[in-house]
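Features of the protein shown, as given by Swiss-Prot:
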- 40-80: repeat 'WD 1' (REPEAT)
- 83-122: repeat 'WD 2' (REPEAT)
- Ser214: phosphoserine (MOD_RES)
- 267-306: repeat 'WD 6' (REPEAT)
- 320-385: region 'Required for nucleolar and nuclear location' (REGION)
- Ser361: phosphoserine (MOD_RES)
- 372-385: compositional bias 'Basic residues' (COMPBIAS)
Amino acid sequence: MAAAAARWNHVWVGTETGILKGVNLQRKQAANFTAGGQPRREEAVSALCWGTGGETQMLVGCADRTVKHFSTEDGIFQGQRHCPGGEGMFRGLAQADGTLITCVDSGILRVWHDKDKDTSSDPLLELRVGPGVCRMRQDPAHPHVVATGGKENALKIWDLQGSEEPVFRAKNVRNDWLDLRVPIWDQDIQFLPGSQKLVTCTGYHQVRVYDPASPQRRPVLETTYGEYPLTAMTLTPGGNSVIVGNTHGQLAEIDLRQGRLLGCLKGLAGSVRGLQCHPSKPLLASCGLDRVLRIHRIQNPRGLEHKVYLKSQLNCLLLSGRDNWEDEPQEPQEPNKVPLEDTETDELWASLEAAAKRKLSGLEQPQGALQTRRRKKKRPGSTSP
């Protein structure tokens, strides 16, 4: 049933335990998908992206450097490719013109033949984008253009069909009022639709807008939110504002035209790892270390629409962009079918049952001793009535 209903899932979430979770918000159901049966932490999901076929195909980037192809129509994994090179986890994943684009922590960006299953083949292109990468983001309007940034690694824009040098390299802001250098820590990047501008959020709670068409390479707009590192960011449907999340579970909407705070969203209890707005509906999906997927309404009245506890720490998510969320057909339920137990809770229930049996066997002896003591009190000759 999970495979048959996979196409109707609204949100896909990658977990720290290596499980891909599909969540249907209308039915309030979550299904687990794994390539090898049992989940392994060595296969923790660190990146997700849609394939070139739209939302029928998904690419799943894992900690063991494999990129798995998942069919959302059939609910099954359809192969994988090992992408070696560099160190660390995937910080970005993309697909363009039959090629696969990967980028890891150590700053190695590689382009691969997407259909090539030979793991020993060399990449088509390799770029060194600088160490400490936190995010690689593809330009939706130009799939061969990507942006990178990280800790002490300033924002850069790369044309994968051009030279091996960045087409834009951001310049750090001027020294602060103490004439001290301002550190760099770009955590997330987004391309603004209909323009060449980009927006970044930083580990020092800054939101910055860059314009490569401008003569200056410094930000054309900068604002701050809160006191804690910003970890994730997404564009709102209109493209005039962004929603950012930080390490304390705080969410806020920032206007990119004036740099002011438009409002906040409540409910999160842990560091935010993934954010995505629906392209046409006023909905925001968020996930993080508190293991809960939340769907907020971002237009007045703001508030929490859905909340699903998913048992594992959540690293990333993809939100379906379809509009017919409420129009999906109701598939018939199979009679007398026993649901499969969740692999994440098998060991927990087994340990609880064993503990209960030990406790029950230990209680049998004290109960017998208690009855003996009560009988002794009622022997003949006792002064008790």
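A Cβ is built for glycine as well, from the same backbone N, Cα and C atoms used for every other residue.
Sequence-distant neighbours of Ser214 (phosphoserine) (same chain, 6+ residues apart, CB-CB distance under 8 A): Val220. Under DSSP, the residues of the repeat 'WD 6' (267-306) split into helix, strand and coil as follows: 0 helix, 22 strand, 18 coil. The DSSP secondary structure for Ser214 (phosphoserine) is coil.
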